[in-house]
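> For 312-577, the entry in TrEMBL reads domain 'G-protein coupled receptors family 3 profile'. What TrEMBL lists as signal peptide is 1-20. Per TrEMBL, transmembrane segment is recorded for 314-338, 350-369, 381-406, 427-450, 470-495, 507-529, 535-555.
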Amino acid sequence: MLLQTAHLLGLQLSISCCWAYSCHSTASSPDFSLSGDYLLAGLFPLHAECLQVRHRPEVTLCDRPGSFNGHGYHHFQAMRFAIEEINNSTALLPNVTLGYELYDVCSESANMYATLRVLSVPGTHHIEIQGNLLHYFPKVVAVIGPDATNRAATTAALLSPYLVPLLLEQIHKVNFLLHEDTVTFNDNGGPLSGYNIITWDWSGPNWAFTVIGSSTWSPVRLDINKTKIQWHGKDNQVPKSVCSSDCLEGHQRVVVGFQHCCFECVPCEAGTFLNKSDLYSCQPCGKEEWAPEGSQICFPRTVVCLTWHEHISWVLLAANLLLLLLLVGTAGLFAWHLDTPVVRSAGGRLCFLMLGSLAAGSCSLYGFFGEPTLPACLLRQALFALGFAIFLSCLTVRSFQLVIIFKFSTKVPAFYRAWVQNHGASLFVLISSMTQLLLCLTWLAVWTPLPTREYQRFPQLVMLECTEVNSLGFMLAFAYNGLLSFSAFACSYLGKDLPENYNEAKCVTFSLLLNFVSWIAYFTVASVYQGKYLPAVNVLAALSSLSSGFGGYFLPKCYVILCRPDLNSTEHFQASIQEYTRRCGCT
């Protein structure tokens, strides 16, 4: 493995040497050098890098006018001073003289060339490629620099296989006196001697160095006198050592760049909160919790539904109870006057089916109050749809039957006889009601309404509701009732010129129009509002439909029975029929 590495490295160095020497014909030498038993190399940028555009690879000439680099020059002189101090000492390295070769690495090309020079064999200008690099001895024993990260990485990649160090192996054994200070190093090459902390105190045209603290190694101690520090801020305020101030509560830190101390403050989104254990990311709240924007904690959601004890519930329940009492009272009134012309003209025993269907629809409204349960979700909409469908079927067939009797019995006698003989009215009500029953059963089986907890609509609320409004079965059942309403409206309109005692067009038309308006208003509200009181709007629409149906068909007849008994006689009805017959004969 080592042999393969050596060959690959040899190829790399050969290409590098070929490039360096082909692009720079003259042999380069160190800018400053000192002979010695052991040589150290220093790579420092004494001149600034050339920024001009080059169209081919070439070694940059460093000694250009006006490109002097003071920072690199300071490093350069520091290394010279350190080596001269070591050589002048009789205690540091006795009988050993250190030398140096200092190179100006003002560019990548100059850095590469200097690195290859320090790896060359002593006394030559070339690098020998050997199978075992452990036996290779370059001209220098250590390299100081370069100070730029990218150039240091290039130099380290070339020096590492040749085991050239940035520290001498025996440095931790060094112990010498320098200007009355003892200099020692630990096993990692770190200094162990103490030092003073000095500030540059500049007041007006005068300046001075002030000692504000010290550090000692034995014992390990750091002392700083904060009162001696002169800050340049207002009222000697201590500047903050971060580039961003602390964020407000509920604001996460979004790091800008590579340093964690540089960040932007962004408020946590609604539904999330900032946990103090992690200031850099907002955590989501639980399913039963919510949080406003920029929050540090989550709050429990409020569970809402249309409860029994709310004022709007009391109003709706009272109105529904009144309707049920009217239905029961009307049924008793019609039963007491079952053989009178008014009850017979209204449909006779068919009226009890109509009143019962309205009562069933009214009872279904109790399922909209309180916390939804499975029985309530299954029955409340389906029972209303079925009950109202039966009422509309009876209303349609009653209006159609009056039209047949007065208008088509003599014109189309065969159809009239078939209708009577085959019990057309009862058959129509049965088929129509069974159709709605089949739709409701399919709805409950395929799109089963279930109690659910809705979390998406309002961030701070949990809505308790049933899922029936979102299903196709719900729409089909109500669309079928809409079709029956239109049929009842058409049949009642055809009988607008019937005898006065049989003419129900005005009242039925008004009740059906109110029914249309009620449900149009409900679906309009449901499209823009999905809050807590949507079930109340549903109950109000259903109550309006049931009340309009009852009021438009039964209240006029109850008025005649109770207040105008003179109109509830056979003679009055016969006179009305004769008047209608005479009028039709004249036309």
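A Cβ is built for glycine as well, from the same backbone N, Cα and C atoms used for every other residue.
TrEMBL entries are annotated by machine, without manual review.
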> Against which stretches of its own chain does the transmembrane segment (470-495) lie, if we need a Cβ under 8 Å and a gap of at least six residues from its ends?
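Residues 381-382, 385, 388-389, 392-393, 395-396, 399-400, 402-403, 406-407, 432, 435-436, 439-440, 442-444, 446-447, 449, 502-505, 508-509, 512-513, 515-516, 519.
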> Using a Cβ cut-off of under 8 Å, list the residues of the same chain at least 6 residues beyond the transmembrane segment (535-555) that approach it.
305-306, 312-313, 316, 319-320, 323, 326-327, 330, 346, 351, 354-355, 358, 361-362, 364-365, 368-369, 384, 388, 391-392, 395, 465, 504, 507-508, 510-512, 514-515, 518-519, 521-522, 525-526, 529
> Looking at the domain 'G-protein coupled receptors family 3 profile' (312-577) alone, can you tell me the average pLDDT?
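Taking every residue of the domain 'G-protein coupled receptors family 3 profile' (312-577) together, the mean pLDDT is 86.
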